[in-house]
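Per TrEMBL, these features apply:
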- 6-22: transmembrane segment (TRANSMEM)
- 43-62: transmembrane segment (TRANSMEM)
- 74-96: transmembrane segment (TRANSMEM)
- 128-150: transmembrane segment (TRANSMEM)
- 170-189: transmembrane segment (TRANSMEM)
- 201-219: transmembrane segment (TRANSMEM)
- 285-306: transmembrane segment (TRANSMEM)
- 318-338: transmembrane segment (TRANSMEM)
- 344-369: transmembrane segment (TRANSMEM)
- 390-406: transmembrane segment (TRANSMEM)
- 412-429: transmembrane segment (TRANSMEM)
Amino acid sequence: MEVFYYLVFGVLGLVVAALELSKNNKDRVNTSSAFNSFKNNYLIVYSLMMAGDWLQGPYVYYLYSTYGFGKGDIGQLFIAGFGSSMLFGTIVGSLADKQGRKRACITYCITYILSCITKHSPQYKVLMVGRVLGGIATSLLFSSFESWLVAEHNKRGFEQQWLSVTFSKAVFFGNGLVAIIAGLFGNLLVDTFALGPVAPFDAAACFLAIGMAVILSSWTENYGDPSENKDLLTQFRGAAVAIASDEKIALLGAIQSLFEGSMYTFVFLWTPALSPNDEEIPHGFIFATFMLASMLGSSLASRLLARSTPRVESYMQIVFLVSGAALLLPILMTLFIAPSKVKGGGISFSGCFQLLGFCIFEACVGLFWPSIMKMRSQYIPEEARSTIMNFFRIPLNIFVCVVLYNVNAFPITVMFGMCSIFLFVASLLQRRLMMIVDKPKTNDWTPLEERNTEEDPLNI
């Protein structure tokens, strides 16, 4: 493996270690032993869940290509996953508020394990079923676990500020350390042991099964609004009213959709961007490097969230600007460096610069996750938390589906440019959110037809 990869990985590792070791009392929050026990249990489960997800990440595109599918066919498979998340995942995820968040988390495990099993088949239709199942699982992963955590945290009477500790640790371990180990482990299975690109999916299924066992044995059930008189349509209507009546929730949803849409498009684009001429690149090692950069971001986020200033609404403006600039690098490289025509070989000179830019973007991702979790815990009402969070994913999935559907129609630089524009727009919306953050809510989340059911005591 080229020295360049080791150099980037080593520098990032040293920076992360320095950040963690240099933390002082101002960078930490004093918590209770009961909370630490609760937090550690959640971190174990969340890390296992993320291990199941991260093991698959670097090899989805690669697996489909080894089965003989071109970029267009692979794009359609990705569209199926995001479309499934938008259509079926929104419904399944929203049921968590009524049927229970623990049940939804278990459903995630079962659904994703089935998705992993389908990867053994080279048949397009079977792989399509796997993508549909994976899309449903993704919606559950990014809504049900966080909803369970926030509800359980509040039910046990822990301080609100302590949520930031769990969020930052979850991203540091689950989206950072576990992802790095998953990337290296996947690289070991595929390259060193030569077990083939399907091996990481089998390993992922094992981790998901272990996590499901921990959930079944140690988690209690909690709900959003378990009222029997509220069907799914009423829940959707209530969530829509909450978004429409509170500008903070609407802005938060738009910001999340813009950033995550760019992030998921990047997941699809980074492999062809770094190997436009079929250069030999170590997918698992590069993925681990990206995750190390994400750890750097989450380590910075833990420091920022532990302090009263700067506020999360303030510093996230800068994060979105930097992330947008980082994704402009592929465009700049095309403009100023003549592309190589040599097939194969190692990573190109422009590819090295792009890799550094992608690491900066991943550091912004590491800052984004705990920060957006913190804002969601503040602004989204508990009664419809999972439903609203899945509503946020609808425009996200539409955006990604449109991009992937036109993957052959536009050059890769155009798609990176689109992502940058959306990130710059997210920065503007974040500024608006900061301006109105102290503005009181004018309406609650309750559906319109359920309002005014009680007599106003001031109405004489």
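Glycine residues also receive a Cβ, built from the backbone N, Cα and C atoms like all the rest.
The shown structure was predicted, so the numbers you read here are calculated from the model rather than taken from an experiment.
Of the Cβ pairs linking the transmembrane segment (170-189) with the transmembrane segment (43-62) and spaced 6 or more residues apart, 3 or more are under 8 Å, so the two regions touch. Of the Cβ pairs linking the transmembrane segment (43-62) with the transmembrane segment (201-219) and spaced 6 or more residues apart, 3 or more are under 8 Å, so the two regions touch.
Within its own chain, the transmembrane segment (318-338) is flanked in space by residues 255, 259, 262, 266, 273, 349-350, 353-354, 356-358, 360-361, 364-365, 367-368, 371, 412-413, 416-417, 419-424, 426-427, 430, which lie at least six positions past its ends and keep a Cβ under 8 Å from the stretch.
Contact between the transmembrane segment (390-406) and the transmembrane segment (201-219) is not supported: fewer than 3 Cβ pairs lie under 8 Å, counting only residues 6 or more apart in sequence. Residues 2, 4, 8, 12, 167, 171-172, 175-176, 259, 263, 266, 270, 273-281, 286, 289-291, 293-301, 304, 315-316, 319-320, 322-323, 326-327, 329-330, 333-334, 337 of the same chain, all 6+ positions outside the transmembrane segment (344-369), place their C-beta atoms under 8 angstroms from a C-beta of that stretch.
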